Every structure is written in C-alpha cells, then in structure tokens.
C-alpha cells in the first residue's frame, strides 16, 4: 500500500510502497480517509521524537486521522463505520494506565505513540487497530473528523484546568490562547462555542494584517493580540488579566509570563514542547504571585478516549465556515511535499487517501 | 488590656496597654488563652505586610490563637466554650468570597487579615469576633489549639493538590516537604498521621545533627534531607521522585526545582512568600518537563472555615510527644522579647495570656 513515511537518517517525508498491515486477532482493518498534519509531524521528521517502530528503518507518519472500517475481522465494529483512532498504545502488553483508560497519563516507557514514537501512524491507505482505541463518529465527520484528535488534547487541558480549580467556586469568564497556530485556533474555536463558559477570549500571535489567522480569530469572536506590541505580561494592563491561559506556542518564556497574565485564582495550561533554553526570570516575584494570588500552572500532553468523545461533541458545535477557513489545503498522497510545506498562507493541511 | 503590638515606624514587638475591645451587635467577646508566633509575625514586625488597622498607629500582632468565649453577647455561642478564630475578615461589609465561605480565595483589597494586615490580631487579653469566624474546639485543645490555624493552611494546600489531580486516577505515595521550619514540621506530621495516604515522606532542611527538627522529622517517620548535600533537583536520584511537594521555605529557586523533584503526574504546592529575586533557569527544560510529564504547580495562601474544621480533626491525630517537642517555649506576655527571639534551639513559641 501507499504510505507517507520518513526513513531513518532522512529528514523529509516521502510517499513509499510499504507492506499492507495484517490485523491480528481482535484488531480491525481500517481504510484511511484523511490525516491532518501538525507540528509534531515536523518534529518527528526532524528526528526529535526518537525511535521507529521495532524492526523497521522507517516510520509511517500521521496521528490525526479519520478512517472507515474496511474489515471488522471479528470485532464488534461494523464495516463501513466511520472512526477516529486515538494515538497511544501499550508498548508490550498492557499496563495500569491503559487499564484505567488513562494512557495520556502514562510516563515515558509505558506507551508508544502511533505516528510519533515507536509505532506506525495513519498516513497510509490502510492501518489496523483494536476497537478500544477507536471512537465512532457520524458520516458527517468524513471530511473534518481528523480534527477530533487535536481538539481532544485541548479537552484534556480544559478538564485538568477545571479540576485544578474545583476546590473552590471558580467561574471563569476570560481566556487567553497563546499562539495562533492550528492548535491555538482550534482552542479559540472551542472557547467560542455556544456551550463554553468563557465570554471574552484573546488569542496571541505575531502576524501583520491582513492575515488569515487574524481573520479567523476575529470571525470567531476573539480579540487578536500582537505579541510584538503587547507582550504576554502586559496583557492585564492592555486588556484584562484572564482566568485561563492556554499556551500553544512552545515558547518557554510564555510559560512563566503566564503567571502575570492570570487574574487571581486563575490557571494556566501549558501544551507547548520547547527545547532547552536558559534565561533569567524574577523567580521571587513569580513565586510570590503564585502563592498570594492562588494561581496554578500545569502541563498537559496527549488525551484519552473520553476526551476524544468530548472533542467529537465539541467539533459538532463549530460553525461551518470555520472548516473552510481553517483547512488551507487538502492534498493527495503524491503531493506530499506541498502538503508538508509551511508558510504564513498555510494553516492546516491534510492528506486525503480516500473519501467515503 | 494588655496586648503585644508593633507601633508604626518600629520594628519590634512590645507589651502595651490598649483599650478593651467592645463587641458590636452580633459579635462575641473572647478571652485569649494562647497565641502562636510564626514567620508572618516577623514580617509584620518588619513592615512587610502593609497597613495598621484604620485609625490606629499600632497593630496588635498574632493570628494563631485559641480562646474562650467570655461574653456571648447574644450570639449562639456558649460562655466558657473554647474556640479557634480564622484570620480573614471582610474589609467593608461582606463580599462574594466571604458569602461563599471562601475568604482564602479573595484577592487583595477584598479582605483584611487579623494580626497581619488592616485588622488587630489576637495577642491581647481580649478580642471580639463574629461567631461565623470561630471554630469550636474541645477543651483538650486549650494548650495546642493555636496550631489549628497553621495546619488549616496545609489542609487547604492538600485539598487543592488533590483537586488538581482529580481528573485522573492519582494515588500518591510519596511527599517531600521543603523546609523544616514550624510549617514544614507541622505538614510532615500531617503527612505521617494514620489517615494520610502518603507512605514515604521526606523533609528538607539545612541543619547539622544533633538538631531538634531532625529528631522530630525522624521520630515522625520521615526522612531528613540536607539540602547542602542533596539539592532539591537531585532528590529523585538520591531518594525518589515524589508525587507531592509542599514548599514552605520561601526560597524562590525551590519553586522551580520542585518541577524536577516531582514524579510524572505529580503536583507541587507553593506556600512560601519570597521577595523579588532574579536568577537564571533552564526555562525550556522546565516547561517541557511540565508538559510531557503532566506535572502541576500551584500557589496557596490562607484557609477557609472548612479547612479549619479539617485541621481540628487532623490535630487530634498527632502523637502526644509531638507537642512537647515542637513547642519550644511558652511565654508570658511580659516575656515578649524572648518569645519573639529566634534561633536554632527554638521551633515554635507561644504567648500565653491565660489558661482554662
């Protein structure tokens, strides 16, 4: 079958012919429709995420997918059913994190990640999976169901944020998304859905107008903040201190400036994954602010099946125009180079292997 | 009446004669038994906590008290009943934080603190309070009931720590207390009570043996860690990465080193109140560790009445020997200078105004 892979030692994706996967007992065979591309894929391509699947000198990319059940193979799935696969799998047999339905909380060594580390991804005509790692979605998700995965990461972050403030009466009204990349924009869209409790949402970027991401931010109802004019720690003066910060830049100074952007009792979720970087902070002041104002910070990675389910509900609340504005390119597997190219005109690109 | 006060412009406590307080309607008159001294009192003395009560050029010190109802004054209290007062009061009329029973979550300007900022404390023969800010305690608390207040601060921190990890199955087993001052030792004693889920507890200090605090740590069942030999970020190698860190040093670098001391999915509670201090950190690495390992940090200050109630239950679980070892001096108000003196031989001192 055709697959988009990165070979050991290379740092570019390529279309290749690889063996068809054979479903083991208890696994179904899936036919891939679309697979989204995100920053993690670029990190995998540049070798920042470690090992190929055992025994292979290449890795099939992709972890944001929507697919159709091709062969139920004795599982309780229905052929033709649309599904979205989760990302983490147990490495060798299962473990407590998977048994509890919380692979997202498993530490290093207790999971592999499809398309990221130690397991093949979904950028291939076919893939296999146990049904426990698949979320059933309606046929209307055939085009944009691949967004369930990135949204599920934010669902987890939202869940942990509310949990962290659950020891008291917390009624957040304002949120700040750091970063106008795909995850930032999706998260802003989540904050702007009718069921969201957040009434005033800001999104930070560093783009000049006219810009597609700024247009999306404003059409969603959010306020664009240019970080070159208003650094994160000046946002309380320029706009307001916010109840919730969602960091999706991977710019490490933002993690610490988040403390200043928060209102008392607020919480910051960190999702970016920066490299080592030494810099100076006023650690005394930050520490004191955290304490005297009951502020919180936490990191969040990956997501579990219940968060995929929540993402599925959330996605159905998104306005129709959003998808057309947000998905800036749908490419055939043969257009791999264009699909993975990045630039200010590109927001979210997707590889289409098949349609319903 | 006699009171221990600090006068405006001075930076030492003194015994003075001040007017007896008059209970307003709805307030009871309380006769003080004992008032503990802590680091915050020393900060108040050195002017780090702002204003005296409106209209006065002095502040009565003390916020860790146990007292007896002298005159119920029409409230539903019983004369002779033993009580522990909470610390925060509404500044001018009440507000939502107080109405919700969460004055500990009120931001600056929405509270005064008795003995700390904007309101007189409890280091006087008599004080007044509305019953809603008093926790009834049994007569057996006459000597050590003043410890309910500091313990309640840790109860709040524990509550927020568990809340922050409540979105997943969190079964913490190990804890690290940073600081072997009075709050650190009380918190270690809490972690070592029979009802505590924590099985292995560490306490960091920088004292040479023989030392009273190290003796208490070890008698409680904890492991002493000398920070001069084992810095916080080396604790995982030397001992183990811990599920929970409780910072009670006010040493700002500890706030950031806490990230390294935590095991994946762990949480750090910050309670110290440092001054401004710029230093270098590897912010990229810390940010990344927070994210990839789902770690959390939060600040916590003050406590509410339900946490005072929890502290009351907790205190009754403490071993008897602890109080004798922990309270290193009980002083008459006239011995104010000795009571406030600090040194390695002193752990917790208390001023005794009266006995049951």
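Even glycines carry a Cβ here, placed using N, Cα and C.
Record check: TrEMBL places B:113, B:149, B:153, B:302 at the substrate site, and the matching candidate among B:40, B:230 is B:40. Pairwise Cα distances among B:180, B:181, B:182, B:183, B:206, B:207, B:271, B:272, B:273, B:300, B:301, B:302, the recorded NADP(+)-binding residues, top out at 28 Å. For the binding-site residues B:40, B:113, B:149, B:153, a Cα-Cα cutoff of 10 angstroms around residue B:301 (NADP(+) binding site) retains B:153. A Cβ within 8 Å of the Cβ centre of B:40, B:113, B:149, B:153, B:302, the residues given for substrate, is found for these other residues of the same chain: B:63, B:87, B:88, B:116, B:150, B:301, B:303.
In this view, the densest Cβ surroundings among the binding-site residues B:271, B:273, B:301 belong to B:271, judged by other Cβ atoms lying within 10 Å.
Among the binding-site residues B:180, B:182, B:206, B:271, B:273, the residue whose Cα lies closest in space to that of residue B:153 (substrate binding site) is B:271. The two recorded residues residue B:149 (substrate binding site) and residue B:206 (NADP(+) binding site) have their Cα atoms spaced 26 Å from each other.
Between the CA atoms of residue B:302 (substrate binding site) and residue B:180 (NADP(+) binding site) there is a gap of 19 Å, rounded to the nearest whole number. Proximity to chain A (CB-CB distance below 8 Å) holds for B:273 among the binding-site residues B:40, B:113, B:153, B:273. Counting only residues at least six positions away in the same chain, the Cβ atoms of B:63, B:87, B:88, B:89, B:119, B:302 sit under 8 Å from the Cβ of residue B:113 (substrate binding site).
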